[in-house]
Every structure is written in C-alpha cells, then in structure tokens.
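OK, Swiss-Prot features for this one:
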DOMAIN    1-45  domain '2Fe-2S ferredoxin-type'
BINDING   CYS4, CYS7, CYS39  [2Fe-2S] cluster binding site
DOMAIN    58-198  domain 'FAD-binding FR-type'
REGION    201-303  region 'Catalytic'
Amino acid sequence: GGSCGQCRVEVHSGGGDILPTEEGHINKREAKSGCRLACQVAVKQDMEIEVEDEIFGVQQWECEVISNDNKATFIKELKLQIPNGESVPFKAGGYIQIEAPAHHVKYSDFEIDEQYRGDWKHFGFFDVESKVDTDTLRAYSMANYPEEEGIIMLNVRIATPPPGRLHLPAGKMSSYIFSLKAGDKVTISGPFGEFFAKETDNEMVFIGGGAGMAPMRSHIFDQLKRLHSKRKMSFWYGARSKREMFYEDDYNGLAADNDNFQWHVALSDPQPEDNWDGLTGFIHNVLFEEYLKDHEAPEDCEY
C-alpha cells in the first residue's frame, strides 16, 4: 500500500501522524492541512474525515472477459464486458480498480502469441509461477473512451521477476490478468480519476510509452472522435522496437482524418529487421529535441 497515492482524504481529527510511506505523495503543507492516504491510516479511534463527492458514485461490477490479446511482447489488451444494461460513467483519462482473488498461476499456461514466445523462452519466463494467498487490488487506466460503451479496455504490462532472478516474486495483479481467458469473470470498481483534460483551446501534447498508451488512447480518441476538437495536438510515443508498437493503424487513421493531430514514434532499441529510419532514443529527449526546444511557448501547452 501507499505506492499509487490516489486514495487521498482529509483527516480532520484522529488517525495519528503521517507515515513515511505517505511522505512521497504528500508535502508538508498538505500534511499540515490533514491530507492523508486512506490506505495508510489505521482506524483505532473515532475519526472525522472528508472525501471527494465523486467517491460516493463509485460502483462495483462483475464483468466477463471478451478477449485478452498480446499487443506487444509483454503487454496485453484486456477487454471486459460490462453487465447488460449497465455502464461505467467514466471520463477519458480515468481509471478503475480490478480485484484479483488468491491464486496460483503458471506462466507456462499463459496464451502468448507465437511471435512473442521467443523472448519469453529466452528469459525463462515460462518457468515462473505466481502464488498469492490474499485478495489483491490494483488500479489501471482505461484505454477505451466514453463512447466505446459496454466495455472496459486495459493495457497491462506483465511485471516479471528480473531476468536471472526468477526466484523473486512476480507481479501479483499482472500475473493474474495475463492468466485470464475469454469467459472468465472479473470484478472491477470505479470510476476514479483526476487525469482529465482541461476545457481550453491550448495545444495538447501527449507523451507515453509502453502500457502508458492506455490513458493516451482514451484522451486522444475522446478529443477527436467524441468532442471533434480542433485543438492542435500531438502524441509522442516511445517503444523499444517496431515489434513493441501497437495501435498504429488507429493513430494513422486519426492523423489522416484530423489536420490538427500528428503522432510520432521513437524507438529506443530498433532491431536490424525493423529497417527503421524514423526517430530513435528515449521519447522525452526526442520530444524536446524535435519539437519543444524550438516551440514558441511550450509553457502554454497542456501535457
């Protein structure tokens, strides 16, 4: 607990002093005003707390797995079907929490596309097992946008043990998610979030890499497909090699249909078979060198 910093509450009385696990998320001024992380506050006495109104709109759903497909070597796209007649009233950039029961999964049972199995074998990951004795809760950003109704779509990267140290624990939730198959039942709750677009005419610059694609896709699709925004916007995405890129056709289509949108990919480790003649390096450096360095007013952009 205490790693994501999303469960902020205002504690007006009780709760004790702020813990070291909270100090990375809460500064001294906020702590003085009573800001705490709910997951770190032990209830040992009567307390007075204040939570945001939107928390009371949180619901729980039992969903069914539609598909759980590889999009990159270590990234899956999990699609969940919301129960008939119900909806998750989320905003682009929002997230849900997903529950994993106690489980024992073997990586050798994962459904991994043939084109990616070589890397899994090379690192010995098919020998990994994940054994979890308690329920687990984790937050994931939606990759779909509000008009893609009836589903929740997530981009999930597997948290494997480091190569050569396979005795270390694997990611509890990502291992569970990678084990899911069509028809399985999954419990989620939400919606949550604060990473929402501001309603201005300012230029938008989206930056992401790997499974960080999820909120970027949600935002960009929402701006261009639902809101039909005319704001200038660009998406800068970083991947290791060409095989780690995904949703290219979607973004190429958006760029072709919207003069105000461009997207750029930089590969940090292009392979010989990629025949890559595009941008290379880490995406934050590429963004600065290729665009922001000569931008007339980068401080006016929304990132």
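Cβ atoms are placed via backbone N, Cα and C, with glycine included.
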Name the residues of the same chain, 6+ apart in sequence, whose Cβ is under 8 Å from the Cβ of CYS4 ([2Fe-2S] cluster binding site)?
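The list for CYS4 ([2Fe-2S] cluster binding site) reads ALA139, given in order along the sequence.
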Over the region 'Catalytic' (201-303), what does the predicted model average in pLDDT?
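Reported value for the region 'Catalytic' (201-303) is a mean pLDDT of 97.
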Where DSSP helix means H, G or I and strand means E or B, what are the helix, strand and coil counts for the domain '2Fe-2S ferredoxin-type' (1-45)?
11 helix, 9 strand, 25 coil
Sequence gap of 6 or more, C-beta under 8 Å: which same-chain residues meet both conditions with respect to CYS39 ([2Fe-2S] cluster binding site)?
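Same-chain residues close to CYS39 ([2Fe-2S] cluster binding site) (Cβ under 8 Å, separated by 6 or more) are GLY1, GLY2, CYS7.
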Other than CYS4, CYS7, CYS39 themselves, what residues in this chain have Cβ atoms within 8 Å of the centroid of the [2Fe-2S] cluster site's Cβ atoms?
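Output for this site, in sequence order: GLY1, GLY2, SER3, GLY5, GLN6, LEU37, ALA38, GLN40.
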With every protein chain in view, what's the tally of Cβ atoms within 10 Å of the Cβ of CYS7 ([2Fe-2S] cluster binding site), excluding that atom itself?
18
